[in-house]
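Among the features that Swiss-Prot reports, transit peptide is placed at 1-32. The active site, proton acceptor annotation in Swiss-Prot covers Glu66. For Glu136, Lys216, the entry in Swiss-Prot reads site 'Transition state stabilizer'. The feature CMP binding site is assigned by Swiss-Prot to Pro278, Arg279, Leu320, Gly321, Glu322, Asn347, Leu348, Ser349, Glu350.
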Amino acid sequence: MKLGVFVYRLYRALTYGVSPLIHLHIRWRRLRGLEHFSRWPERFGHPSAVRPPGSLIWFHAVSLGEGMAAIPVIRHCNEVKSDLTILMTTTTVSAFEVIKNQLPVGVLHQFAPLDTPLAIDRFLGHWKPNAIIIMENELWPNLIMAASGLLIPLGLLNARMSTKSFKRWSSPLLLPLVSLLLSKFSLIAPLSTLQGIRFQLLHAPPFVINYSGDLKYVVNKFHVSSGTSESIRDLKVELAEMKVWIASSLHRGEEEVILGVHNMLLESHPDSVVIIVPRHPHHGQQIAHKLRKDGQSVALRSQNEKLTPRKTNIYVVDTLGELRELYSVAPIAVIGGSFIPGLTGHNLSEAAAAGCAVITGCHVGHFSHMVKAMQQANPLSVTQVSTKLELKEAVDLLLSNPEILETHQRASKDVYESLSSCIITNIWKLLNLHIFRGKSRNHIECK
């Protein structure tokens with residue numbers, strides 16, 4: 001533990017020393033549109049809102065996926081303890097743009113402070129949280145040590161540690177530091193048994209590790225604007241006479257795989273349409289531009305372009321926050337982030353919740369536990385492929401056989417409902433036991 005304290009002091013001194021350079025870096029990111037244009041000072045702990053009186057819980061999620069996983073817990077907390085103030089922080093602008101419309105009324109949002117001593121002290125000094133709930137794997141030393149010093153209970157929900165991160169934290173230099181950091185948590189809720197074992201191997205106290213299920217299974221009915229709902233209904237009408245499949249969460253390079261499969265499918269299914277949903281809107285615009293340059297007919301969602309039957313067979317989505325609704329227009333969902341080595345998969349449960357037949361590649365990394373759990377429950381709930389030809393054959397089988405398609409759809413929906421049941425209840429019991437009734441400056445009781 002002494003070595004861990006020594007390594008932390010080195011880290012603290014380093015982050016203090018490079019703070020001016022970090023400040024310049026954030027300003028540069030702001031000019032590039034990577035930080036919020038007017039709210040970027042929040043990254044240095046400068047608040048843009050007044051702290052309400054009373055108890056406050058801080059939920060932190062770095063990006064969109066983690067943020068959406070936190071929302072069901074935040075909603076439950078807001079319902080059972082309406083007099084409690086909830087603060088949510090995210091790091092990325094894209095996460096903020098989507099999540100701001102999903103948070104319950106009264107929940108505050110700020111951009112997360114950088115892990116520098118001044119930013120963390122400034123942030124904690126203003127907001128004075130009674131408990132801090134961190135999503136997944138944000139182990140920031142200055143934040144954790146400062147919170148511990150103020151006797152603020154810390155919880156890590158949906159805790160995960162990738163193989164790469166585990167190897168890095170296990171190094172002789174960093175193991176003492178991560179052991180020190182994990183010892184400060186009152187609750188670590190891993191998203192799988194394997195993840196729990198990894199945290200134990202990093203010397204997390206066994207009594208704080210409690211498995212409750214993967215929050216990414218809990219896909220509640222999030223708020224959708226009336227305009228979005230209407231446009232989705234219009235899209236369903238346009239696609240009514242076509243064979244539709246959707247390829248979502250695509251990383252750069254994966255569109256080549258999807259378009260190659262689509263071109264092969266057109267030979268046997270000339271009335272088929274593929275909906276392409278890249279992770280970033282700008283990537284979608286680039287895909288559409290390239291396809292048009294090659295002479296292909298493409299409809300771009302942000303421009304409200306219509307599909308022409310037997311002519312337009314590629315629909316590119318270059319908008320944010322609509323994926324759950326878009327799954328409802330396609331019976332087959334191919335989940336990206338899984339077709340190129342080095343990628344680590346994406347959430348399958350959103351498509352399963354919508355009743356899609358789910359297909360994914362073999363590079364699923366962070367979501368390997370989800371693929372395994374779903375396939376163990378019912379092998380038809382997820383089809384995993386390794387090559388472009390296997391993907392083509394899997395989609396072709398479903399497009400050609402309505403009965404087989406319906407069986408796969410029902411399997412994914414049933415497995416989702418089974419795996420998602422009681423997760424929020426279990427999480428809430430753990431939070432109430434380990435966090436809200438734990439040792440802190442101000443006792444919180446949430447029933």
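The backbone N, Cα and C atoms fix where each Cβ goes, and this holds for glycine too.
Overlay of Swiss-Prot feature records on the structure.
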| residue | record | DSSP (3 states) |
| --- | --- | --- |
| Glu66 | active site, proton acceptor | helix |
| Glu136 | site 'Transition state stabilizer' | coil |
| Lys216 | site 'Transition state stabilizer' | helix |
| Pro278 | CMP binding site | strand |
| Leu320 | CMP binding site | coil |
| Leu348 | CMP binding site | coil |
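Just so you know, of the recorded positions Glu66, Glu136, Glu322, Glu350, the Cβ with the fewest other Cβ atoms around it within 10 Å is the one at Glu322.
Of the listed recorded positions Lys216, Leu320, the Cβ environment within 10 Å is emptiest of other Cβ atoms at Leu320. Residues Pro278, Arg279, Leu320, Gly321, Glu322, Asn347, Leu348, Ser349, Glu350, recorded as binding CMP, reach a greatest CA to CA spacing of 18 Å. Take the CB of Pro278 (CMP binding site) and look out to 10 A: across all protein chains shown you find 23 other CB atoms. Remark: Leu348 (CMP binding site) has Ile335, Val358, Thr360, Phe367, Met370, Val371, Met374, Val382 as non-local neighbours, by Cβ distance under 8 Å and separation of at least 6 in sequence. Mapped onto DSSP classes, the transit peptide (1-32) shows 29 helix, 0 strand, 3 coil. Close to Glu136 (site 'Transition state stabilizer'), meaning Cα to Cα within 10 A, are the following recorded positions out of Glu66, Pro278, Glu322: Glu66.
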